[in-house]
Every structure is written in structure tokens, then in C-alpha cells.
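Okay, so here's the structure we're looking at.
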Amino acid sequence: MNLSYTPATICAVATAPGRGGVGVIRVSGKDLLPFAQAISGGKSPKPRYATYTDFFDAHGQAIDNGLLLYFPGPNSFTGEDVLELQGHGGPVVMKMLLARCVELGARLAEPGEFTKRAFLNDKLDLAQAESVADLIDASSETAAKSALKSLKGAFSKEIHVLVDELITLRMLVEATLDFPEEEIDFLKQADALGKLMRLRDRLVQVQATAKQGAILREGMHVVLVGQPNVGKSSLMNALAGDDIAIVTDIAGTTRDTVREEIVIDGVPVHIIDTAGLRDTDDVVEKIGIERTWQAVERADLALLLVDSREGLTAEVQAILERLPPALPRVQVFNKVDLSGEAAGLSVENGHPLVRLSARTHQGVDVLKAKLLEMIGYSGADEGVFLARQRHLDAIARAAEHLELAHADWEQVEIFAEELRMAQNALSEITGEFSADDLLGVIFSRFCIGK
Ligand code: GDP
Ligand code: ZN
């Protein structure tokens, strides 16, 4: 797909901000050889080789030295000429090098602009472009591996197979429109319905895989309710196990930690700690509490943690009553090593109840399995590719149109139209059928330099 745009030369620091051994500036544009020569003092870098050089300012003074890489288009990430200046990774050096690039005619890149150009120049489709951001943001190894799979095109390939089958079926259906007398017989003979069913089955499979990928990407949002000392931190650590645990530990407005992130079997789990939800007159804290309640509204489930020697206390009960009634919940009775109860799963008042010990880890696996089951996660097998809500929505719409096509297949015009709509919905995933504003939204969420 080629939209019209003016390919200005763009530049950005591609490495993370701050100090590092090496800092990389990426430049993309048309015909960058003169640019490369100007910044390296007249050297002509050999394509795709590292050239050791000084980087010079306008007066011929060296700013830094390092490696210059030159990838002539179209065999580059963006499809344009790309330069990489690998200098020393200090903020001042990077700033001076970037200023020199601007002086040489480049402008600072917008977030995601390199990847957007790769998309516009057909180097990546939209699902692949999104997986670039997902790979960078991946919060677990499993998510990173699945993102890479999407980046390499596994997801797009599945979609293309579906679209190709849809096109074949559409050709058949549209051909019959020219023969209004015999169209139904014709469709029956050609087994149009059988083809439609197989298509639907395949779509359902892709939908299931994409759903697993979306869970891996978005993770699960858990509200943690529990009094001090019932073992919340201990349980979080026990759940996280060997997966490099607490990823972030965002401090609350005053004393309490409001949100934590752990990873369970590769699935990121965002924890909203209701310890921060108490009555207060402090204005700043009130805002924090308001935000926490908003997060509670969007949560996937609530985890109620109590000391099994005490059971549900009045305080826990009070928070429970304020939770959205439809929010699924799991009760956890901790410290069974002290109460002497047996670890394991039961059901109480219609909610699952897990007895466990965060200290001895008895029963922790039971809870893990229950949590993953409740959000519909069945494990990342080899086939899982990372997917986004946007993809799930598009797949769901395609499935709906296939249903309508099926329901009304004897009205051949409607049959044909529904198939067309199903194809459009699927093509949104790879970007072959996407509005410009959708592209804007997707790429603006990237970080700069990507
Ligand atoms: P939090 O305040 O809810 O985060 O509770 P902590 O995780 O800090 O635990 C409070 C205390 O209870 C600590 O001394 C823990 O070692 C202890 N504790 C937590 N879980 C268990 C458990 O399952 N068995 C026993 N015996 N002690 C536990
Ligand atoms: Zn989160």
C-alpha cells in the first residue's frame, strides 16, 4: 500500500534515553550518501558494513567517534536509505550528533515514524508493525517470543490464508449473480455453503489463537483485597515464582503501593492493591484513590486474601461490597500451614476458594491454574502469536459477517455483500484496508526512534 507523503529525511536517537556504552542515531530518507559523507568527513561507507569514523560538525570539528552504517534503500528497515550512527551513549554526545543531523537537513522523527515508513513502503504489514512495539514493550519472555512470531509474519500469514479463501468464495458467489435463474442450484453444486463452513471453522481457530496472544499482551488485571499482614506480598512473590518477579512497584500517593506487576506463566498480571483505598482528607491521596477505583472498574477479577485463622473480616467485607457486583472473584485463605487446614480448591457462595500457604507454597499452583483459567488462558503453545484488542475486534466482526452470509445465503446479493464485509474486516488487521486515522492512532503510540 502506498499513500502519498513527502519523504523528508528523519532522525532520532534509537537507543534508550540516559547513559549507555553505545548510543545509536537512526536516519532515514532518500539518497543519504551525501549526508553520510558530510558527517564522516568525506568517507563513502560501504553498504551494510561498519565504517569506523569520526563524526564531524559543520566546522570540521569531531563531535564523537564510532561506527557508521549505511543501508541503501530499498533493502533497509524503512525501505529508504537508512544510516545508523553508533556513538558514545551519553546524553550530551547524542544531542550534539542529533543537532548535526538536523543541520544536515533531517528533522526529528515522530513516534513510530520509522516503522510507519516501513509499513508505507511495504516492508511490513500493519500487524507486523504493531508487533515491533509489542516486542519492545513485552513484559515477559513468552510475550516477547510471541511478538517476534507476529513480527516475522505468522499472524499475517494466517489472515492472508483466510482472505484468499474468502476471495475465492466471493468470486464464485459473484459469478452466479449473472445467472439469476439458476443461482441457487449453481451455489449448491459448487458447495458454496461447505466452503463457507470451512472458512468459518478456520476463522474460529485463528480467533482462539489470537485471543491467547491478546491475553499474553494485555495481561490480566487483578484487584487485590486484603488486610495488612495477611500475606499479600508473600503471595505475589509465590505466584511470580522464577519469572523475574515484580516488574514495577509504583508507589502510592502516600504510603501504600497501589499497583504492582508480576508474571504468571508468561502472562503479565497487573495488581491493584486496595490497601491504598482508605478514607482520607488528603486531596492528592483522594485523586490517587479515585484512579484506583477507576482501575477496579476495568479489572478482570478480584482476589480476596485473608488469614485462614481469621476468615473474612468486617474490613474486607466493606471493600467487597464496593466492588462491581459482576466482577469475578477468588477467595484465598492463606497460611494454612498455621491453621492446619488442607490446601486446595473448593467452591463457596458460588465463588472459587483456594486454601494455600504463601510460605510453604502448598496450593499456590492451584491458584495459578485457577486464575489463568478464569481469564481464558490455555497456555502459550508454539502457535501463539501476539495479538491486540484491535485484531480481536476485527476477527469478531468478520465472524459476524460470515454468520450473516450463512443465514441469508439464498439471497445471493446479501451473501455476496456479507462476504465482502468479512474480507474488509480481516484486511484491517494487516492494513490492506485501513483508514488513515487508524494508522495515525497506531503509530503515535510507538516510542520515538522506532
Ligand atoms: P502483607 O502485609 O499482606 O503484604 O503481608 P506479608 O506478605 O508482608 O506477610 C505478613 C507476614 O505473614 C510475614 O511475616 C510473612 O512471612 C507471613 N506470612 C505470609 N504468608 C504466610 C504463610 O502462608 N504462612 C506463614 N506461616 N506465614 C506467612
Ligand atoms: Zn497495567
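Note that Cβ sites are derived from N, Cα and C of the backbone, with glycine treated the same way.
Computed from a predicted structure; not experimentally measured.
Residues Arg26, Lys123, Lys450 are given by TrEMBL as (6S)-5-formyl-5,6,7,8-tetrahydrofolate binders; from Glu84, Glu158, Glu413, that same site also lists Glu84. Of the listed binding-site residues, namely Asn229, Ser233, the sparsest CB environment within 10 A is found at Asn229. Ranked by CA distance from Arg26 ((6S)-5-formyl-5,6,7,8-tetrahydrofolate binding site), the binding-site residues Asn229, Lys232, Ser233 have Ser233 at the top as the closest. When every Cα pair among Arg26, Glu84, Lys123, Lys450 is compared, the largest distance found for this (6S)-5-formyl-5,6,7,8-tetrahydrofolate site is 18 Å. Comparing Cα positions, Ala358 (GTP binding site) lies closest to Asn229 out of the binding-site residues Lys123, Asn229, Lys450.
Rounded to a whole value, the Cα-Cα separation of Asn229 (K(+) binding site) and Glu84 ((6S)-5-formyl-5,6,7,8-tetrahydrofolate binding site) is 53 Å. Highlighted here are the binding-site residues (Glu84, Asn229, Lys232, Ser233, Ala358, Lys450) whose C-beta falls below 6 Å from ligand 1: Asn229, Lys232, Ser233, Ala358, in sequence order. Cβ contacts within 10 Å of Arg26 ((6S)-5-formyl-5,6,7,8-tetrahydrofolate binding site), excluding its own Cβ and spanning all protein chains shown: 22.
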